[in-house]
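Novice: Feature annotation from Swiss-Prot assigns GTP binding site to 17-24, 79-83, 187-190. Sequence annotations record features per position, and here Swiss-Prot assigns domain 'CobW C-terminal' to 262-379. Here Swiss-Prot flags 76-79 as motif 'CXCC motif', drawing on sequence analysis.
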Amino acid sequence: MIEGAQAGRLPVTVLSGFLGAGKTTLLNAILRNRQGLRVAVIVNDMSEVNLDAESVQRDVSLHRGRDELIEMSNGCICCTLRADLLEQISDLARQQRFDYLLIESTGISEPMPVAETFAFLDTEGFSLSELARLDTLVTVVDGSQFQALLESTDTVARADTEAHTSTRHLADLLIEQVEYANVILVNKRDLIDEPGYQAVHAILAGLNPSARIMPMAHGNVALSSLLDTHLFDLPSLAASPGWMRKMEATDTPASESDTYGVTSWVYRERAPFHPQRLLEFLQKPWHNGRLLRSKGYFWLASRHLEIGLLAQSGKQFQWDYVGRWWNFIEPSQWPRDEYRLQGIMAKWDSVVGDCRQELVFIGQGLDTRVLQRELDHCLLSAQEIAAGPLAWQALPAATAFDTEALSARPTPPMAVQPT
């Protein structure tokens, strides 16, 4: 018997992955080999006709008395249907008829918002975690296409209807699906030779060092790897991306590389970036190995009060602003709890406070010395720093980083060139 069901909370596994990765094949395989478990399934598809749900229904047609299929169409689990998802899971959990719940997410959603649904408190203080236990986040990737898709310039519709734009880059979606997973299944292993599989494995491990990465073909994978694993933990998941783990690590070298040449490197400096020189860096063709992922915080001279968040996946750099540096906030407005205060002071500098450049780069064949020189060139010179914030506002290309350009595609686009 599944432990969560015995304890009164319905255990849940969420299946994510891009369209065609093999989520439905995996779901069908689980339902065919569920070892007598009474399973409820929530399927989400963006189309009018939910073909994925129909295929699952055929597989469980002999067990309709014990299995329940719920279709959630015309929306996305991670955003527009969050309220519906809460209601559906709550209803299933209260029935106490099922041992397990499987959720197949749409191909254009990422796992983290689904996970946050379980921690969400409604207006009456109710949390879904009182009735259901999120057990495992599983991401399925097409091993035969994953590297090519990372290089794609294609865009997909955004699941997040409140975002700045209605589309996002495919590479960005794929990486987020990988970064926020407990288990990553490399599907179509039978179509990949051993060096190809190891190369994909190395990339995935660089993007998410804490995930369990396993090969899969035709949905065949041990049920114990997906159900009742107890791998999910929200704080740990939030810190699972490789870029974040590298940024927070204090006992590892600035640059690390494994046998397949996947390097993670952190750029740290305490001077602001010049907007024009930074923009030139972001727009120029990339010739320094193969850049897989970069993300982190930046300090821009023309917006010196604000914390910049720079993110790259595939061939696209994007930026946003996520609040003010604590250096420009009155101490009376600082957090009171010791844990958060320690976090602020851990990044504190006696001259510029917490203002900083802290960018993580993950890639293959990266020459970090070249990257260091290029980024150093983007910093303000001593003379420019001495001119002060008023002069910084008038620096060339300052408007390129205004709010209107938060999701703008740099022109010409960044060109990631594989080694």
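Including glycine, each Cβ sits where the backbone N, Cα and C put it.
Values in this document were obtained by computation on a predicted structure and should not be read as measured data.
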Novice: DSSP on the domain 'CobW C-terminal' (262-379): how many residues come out helix, how many strand, how many coil?
Specialist: 38 helix, 48 strand, 32 coil
Novice: Between the binding-site residues Gly17, Gly20, whose Cβ has more other Cβ atoms within 10 Å than any of the rest?
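Specialist: Counting every other Cβ within 10 Å of each candidate, the maximum falls on Gly17.
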Novice: Test of understanding: give the count of other CB atoms lying within 10 angstroms of the CB of Lys23 (GTP binding site).
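Specialist: Result for Lys23 (GTP binding site): 25 other Cβ atoms within 10 Å.
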Novice: Restricting to the chain of Arg189 (GTP binding site) and a gap of 6 or more, list residues whose Cβ falls under 8 Å of its Cβ, or answer none.
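Specialist: For Arg189 (GTP binding site), the qualifying residues are Gly143, Tyr197, Pro215, Met216, Ala217.
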Novice: Looking only at DSSP and grouping its letters into three states, which state does Gly20 (GTP binding site) belong to?
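Specialist: Coil, per DSSP.
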Novice: If H, G and I count as helix, E and B as strand, and all else as coil, what does DSSP give for Arg189 (GTP binding site)?
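Specialist: In the DSSP reduction, Arg189 (GTP binding site) maps to helix.
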